[in-house]
Amino acid sequence: MLKTISPLISPELLKVLAEMGHGDEIIFSDAHFPAHSMGPQVIRADGLRVSDLLQAIIPLFELDSYAPPLVMMAAVEGDALDPTVEQCYRQALSAQAPCPDIVRIDRFAFYDRAQKAFAIVITGERAKYGNILLKKGVTP
């Protein structure tokens, strides 16, 4: 254990967060996301909710200030989003500073970004459209 680092952050996740450079992206996915077929490094965080992990990492993680740092998947036509999912994520991310806007992109564009991500963290999140991409910024 380390002081001031949440016990929700595994050693593997801490290492990945430290190795990421500015502009690198990481996905925190729901339990249904096809992470293992996407290609990048996959970290398991079974049983944890995305919002809890976001709240744990945000004190350690600088969001990009030059490009939209938060991206979520848009609902497929005919499907509906649960607005409480985004609200919960925004609340978790605003623990350190005001939360930037979250951009929504279509499912296949999100999958393309996921294939190029530095890592994907699979959580136990069950919320539909519960995946979020974070783009790392420059630490001041």
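Cβ atoms are placed via backbone N, Cα and C, with glycine included.
As the structure is a computational prediction, the values presented were derived from the model and not from experiment.
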| message | Given that Swiss-Prot assigns Arg107, Tyr129, Gly130, Asn131 to the substrate site, pick the one from Asp24, Asp30 that the record assigns to that site as well. | response | Asp30
| task | Could you round the CA separation between Arg107 (substrate binding site) and His22 (active site, proton donor) to a whole angstrom and send it over? | result | 24
| said: What are the sequence-distant neighbours of Tyr129 (substrate binding site), meaning same chain, six or more residues apart, C-beta distance under 8 angstroms? | reply: Asp30, Met72, Met73, Ala74, Ala75, Leu81, Asp82, Val85
| said: Using the Cβ center of Asp30, Arg107, Tyr129, Gly130, Asn131 as the substrate site position, which other residues in that chain lie within 8 Å, going by their Cβ? | reply: Ser29, His32, Phe33, Met72, Met73, Phe110, Ala127, Lys128, Ile132
